Amino acid sequence: MSYGSITFGDVAIDFSHQEWEYLSLVQKTLYQEVMMENYDNLVSLAGHSVSKPDLITLLEQGKEPWMIVREETRGECTDLDSRCEIISDGKMQLYRKHSCVTLHQRIHNGQKPYECKQCQKSFSHLTELMVHQTIHTSEEPDQCEKFRKAFSHLTDLRKHQKINAREKPYECEECGKVFSYPANLAQHGKVHVEKPYECKECGEAFRTSRQLTVHHRFHYGEKPYECKECGKAFSVYGRLSRHQSIHTGEKPFECNKCGKSFRLKAGLKVHQSIHTGEKPHECKECGKAFRQFSHLVGHKRIHTGEKPYECKECGKGFTCRYQLTMHQRIYSGEKHYECKENGEAFSSGHQLTAPHTFESVEKPYKCEECGKAFSVHGRLTRHQGIHSGKKPYECNKCGKSFRLNSSLKIHQNIHTGEKPYKCKECGKAFSQRAHLAHHNRIHTGYKPFECKECGKSFRCASYLVIHERIHTGEKPYVCQECGKGFSYSHKLTIHRRVHTGEKPYECKECGKAFSVSGQLTQHLSIHSGKKPFECNKCGKSFRFISVLKAHQNIHSAEKPYECKECGKAFRHATSLIYHDRTHAGEKSYECKECGETFSHASHLIIHERIHTSDKPYECKRCGKAFHCASYLVRHESVHADGNPYMCEECGKAFNSSHELSIHHRVHTGEKPFKCNKCRRSFRLRSILEVHQRIHI
């Protein structure tokens, strides 16, 4: 076929009004460019005068091409199994001309009848062959004189010149965006106003019928576009195209500031705003700004409470589709992201990139004040607030201030009592999502953070950091009153209350106040009388699981914690810590009434009851009251029948285990109470106290 016999109708593509609506604004603009180029190519190659088609006239005037009314017979594509972007909802694709049907069907049958005689490469369309053949000509590359840019094809040069020469006189009054054609401006205007296409499933509205069609696929689970490499399917062709670059590894878009490369141009544009600091999309409610418009849209739903994306499994709603997709992987078990180091798979890219061990993390962001380094710049920024002391976020309920807005929001849940994050396993609720995530590891047993010193594993990184201080002996949090050091800040906060006398946790039943929330929790069980934790050996019940565990060691007789000074062994690590203070002579807890000092806060609390005459532990048999619970337990054995605690050495029986322990010293010769004046030792504290009067 000679080029002279080609007409514009052979290389033009026609759209009906319905077809035109399926196209996005980008696709419409591309169509206009291609048609104008095809016409220019035809004029250039034909070598004689070609009459200007109506389609070109309309495009030059900025009118929409579907307005042309043709008389030709209509044809239709019957390949309903195709993955053609335009075909949707099971409808046939209609064409006005049989020639257009023939060209379209080559997409499905793979037919490429036009072959290059130079290199034997085949093409579906004659115009593609014509453009390709210019590669083999000996012509010098075409160059734009204005920009000194060279092109291998004349069509590429013409396209470049049109882009740079074209005026854009049509400006949007809403956002100021400019367009070359009024039709493009009219189409763009719908962004700000019309959304005539509404989804009957969820009520979400769209500007075009095509957007609605694509949206329907999410409800029906339709994913017609499948990757031939890995089999993953997508509901939109564009997502398949983006996905395929994962397999090729191609990242053609490079940042000219830092050299980082991206698979998509959109990804590069978003990245570049990091360097410029530009955040053009601002929320009118709270003033927060975003780099991407989609992030602003998602953020606005926080104010409106809208959660349009609902999980069909559990009914949970989400503000954006990505959150729903991540959530649904809980049920499907999908884990698309695999670590090349150890083969471990993850359900999200964030989990994959999150550090598994502290060794693997690069920390390029260093604080100039203290030298601490961070893997993420945002963490450095937050850390620097510690040095500046600024706390700009104040709670309007209690006046407490915070460095971070997120910390304020979490704090406010204390006043509202809101705990929106609930565990599906046990029903326990949390005020923070992170706390729920950590809690979930109790059920799964997942402990990814391992200590290199002793091999002990932990559910979260912060627990490991605190644990490592046992090996290093580091106590970075120091009390300014007494100089005592602590391994983490929470212990220092509680310790300070010893000096200030602050007791913020009050019992609503009796008005008693406590310095630690855990003490209040323990105290409340006195009023309820509940003892839900029962020993399976002897049937004894306890209010707390920790006390039950301590009790069970009696049956096992195991004492794994040994004192390095004297060799004495203990069932609990805390007991060993308290015992160590005996050797060190450390008594940091002082009574404000009489000045007596104690090695443990609990001993001070019990001692203070002497001054207040507080005896909260009452015997239900005789009504006698005691300062501490252990005295009550010992007393209750008086009412019990028999003496259940028998000495294995001599057979003597006692009412309580405490009395038996004291008796054992007769056989062992143990005298733990030493006089600091003359170094004489005694079996009982009371005998030591009598002895010390000699030295007064």
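The backbone N, Cα and C atoms fix where each Cβ goes, and this holds for glycine too.
Summarising the annotation, Swiss-Prot assigns domain 'KRAB' to 6-78 and lists sequence analysis as the type of evidence. According to Swiss-Prot, the zinc finger annotation covers 114-136, 170-192, 197-219, 225-247, 253-275, 281-303, 309-331, 365-387, 421-443, 477-499, 505-527, 533-555 (among others).
The list of residues near the zinc finger (477-499) in space but at least 6 beyond its ends in sequence, with Cβ under 8 angstroms from a Cβ of it, reads 466, 469-470, 515-516, 588-589, 601, 604.
A Cβ distance under 8 Å defines the sequence-distant neighbours of the zinc finger (281-303), meaning residues of its chain 6+ beyond its ends; these are 270, 273-274, 319-320. Under 8 Å from some Cβ of the zinc finger (533-555) lie the Cβ atoms of residues 522, 525, 571-572, 657, all in the same chain and six or more residues away from its ends. Under DSSP, residues within the zinc finger (533-555) fall into helix, strand and coil as 11 helix, 4 strand, 8 coil. For the zinc finger (281-303), the DSSP counts in helix, strand and coil order read 11 helix, 4 strand, 8 coil.
Taken together, the residues in the zinc finger (365-387) have a mean pLDDT of 77 on the 0 to 100 scale.
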